[in-house]
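Each remark here refers to the structure printed beneath this line.
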Amino acid sequence: MESKWPNTIRKRILFTGFTLCVVLVTRPTSAIEIHADPEVIVQNGTTGILRCTFRSSEVVSSATTVTWNFQSSHPDSQYYKSPYVIFYFTSGRGFPGSEEFKDRVQFIGDINKRDVSIQLSPTYFSDNGTFFCDVKNPPDVMGTQARTELRVVLKESYSQNNTTLIVAGVCGALLVLVLIAVAACIVMRVLHNRHDYEGAR
């Protein structure tokens, strides 16, 4: 009976140590939330603002990193097959990625306010594609990167799109006013008929 105690104690010690290792190594992490505009439309040769914000349960620190990637929508582009890093932010500093974007990308956000937006100027037709915004705020590193579809158009096309939106908005407002007027007339007529009916009685 006495010879079994050492083995039992040894097993308990090993089990306790293993449990502590599992608890320390597998520390739970929160999921970071990253948000960006689904689509941005700009005129060729102008400045494009790509907004991106994030929510994290952890305090922003020098370990927080931001990565912007780009994947072109043009099949003949070198950035078509997979996303390429165009901007990287860490330790309070920004570092350009691809040579094509080196002098055109500028960080305009405030990481302490959880804003990691960038500015692209000037924009070219070759910039048509998807921009990915990814943020890591250790130990809050699990999350899905946000994406923005950038459409670079001619000035005429941009103006035409704005005109179409304005016309559609005005027509919609007029339609609502007409429906309100018709509804008011119907209500007034019903009330008037009811009054005449009660007077006839």
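Each residue, glycine too, has its Cβ placed from N, Cα and C.
According to TrEMBL, the features are:
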type	residues	note
DOMAIN	28-151	domain 'Ig-like'
SIGNAL	1-31	signal peptide
TRANSMEM	165-191	transmembrane segment
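Taken through DSSP, the domain 'Ig-like' (28-151) splits into 9 helix, 61 strand, 54 coil. Mean pLDDT for the domain 'Ig-like' (28-151) in this predicted model: 95.
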